[in-house]
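S.K.: Grabbed the feature section from TrEMBL, which reads as follows:
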- A:C36, A:D38, A:H88, A:C91: Zn(2+) binding site (BINDING)
2 protein chains.
Amino acid sequence: MPNRADFDAANASYVAGFSAGGKPMPPKRQALVIACMDARLHPEKALGVEIGDIHVVRNAGGRAVDALRSVTISQQLLGTTEIYILHHTDCGMLTFSTAQLQGIVKERLGADDGTVYHEFSDLEQSVRDDVALLRASPLVAPGTPITGGVYDVHTGKITWLE
Amino acid sequence: MPNRADFDAANASYVAGFSAGGKPMPPKRQALVIACMDARLHPEKALGVEIGDIHVVRNAGGRAVDALRSVTISQQLLGTTEIYILHHTDCGMLTFSTAQLQGIVKERLGADDGTVYHEFSDLEQSVRDDVALLRASPLVAPGTPITGGVYDVHTGKITWLE
């Protein structure tokens, strides 16, 4: 594990300065953010939230369809009442198709890969699609405020689309 | 959106101090972390990583089965070569069963919910199970170093299980 020694050293330093223990399990701000896994997006920093404040679900693209299990747990068991979708500029999801990636998996790993990768060709539309998916889902609490935005990896700025 | 004004004010401050633009899409440290969505876990802080360093996938419990789509994109398209699973103490996934949550969804939302929620009753075993799932998956690159650990929400300390 090439990064483990660095992670461990950093974590020891983090523990030495840690003062946020004892916070309750339900997020204090009652908010859930669904964001991309991209390395250039640190959602907590970009939103200015503290330990204990919000749930953060992340996956390739920040796609809502992949987050529904977590949304239900967050809303029904841990009391979150609003949802923010956060995609970003220069996203890898804009660069390939499911068929291409399935071909790469077949070639490199020898696996027959039926995964739908949920890539997209229009960044803002991908956010709108994910907001719409959540609003239409019977598993999301009716009336939940849901919005979505784009994080600019070059400036750090979040622009909400509605 | 009750938190949006606070998020916007914090983001404006973040943008004013932002100096990490222009980093490339592939994570510099070539690592992927799969962690829980819990509000008390900020993976980047706990691991001491910077903007651009690592992919972070998060969901309820930090379950690998929910992360496979993202793992493939991370490894095959963006060059990550090691995976860290990160669960944590006092996890909500220890507090309910799929049948109970399906009942709550039926009662509150009126929806017939077939979701498998991937809850667990043994925290360390849940980490081992997720490491094993990735090691056995035909969609994970053979030989990928994979480890897993537990983050202590009271101290900030990460303990790797192997």
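Using N, Cα and C of the backbone, Cβ positions are placed for all residues, glycine too.
Note: TrEMBL annotation is automatic and uncurated.
From a predicted model like this one, the values you see are computed outputs, not experimental measurements.
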S.K.: If we count other C-beta atoms within 10 Å, could you say which of the binding-site residues A:C36, A:C91 has the fewest?
M.R.: A:C91
S.K.: Which one, from the binding-site residues A:D38, A:H88, has the smallest tally of other C-beta atoms lying within 10 Å of its C-beta?
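M.R.: Minimum Cβ neighbour count within 10 Å, taken over the binding-site residues A:D38, A:H88, occurs at A:H88.
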S.K.: Using the Cβ centroid of A:C36, A:D38, A:H88, A:C91 as the reference point for the Zn(2+) site, which residues of the same chain not in that list have Cβ within 8 Å?
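M.R.: Same chain, not in A:C36, A:D38, A:H88, A:C91, Cβ within 8 Å: A:A35, A:M37, A:R40, A:L41, A:G61, A:G62, A:H87, A:T89, A:D90, A:G92, A:M93, A:Y151, A:V153.
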S.K.: Return the binding-site residues from the list A:C36, A:D38, A:H88 for which some CB of chain B is under 8 Å from the residue's own CB; sequence order; 'none' if the set is empty.
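M.R.: Near chain B - Cβ to Cβ under 8 Å - we find A:D38.
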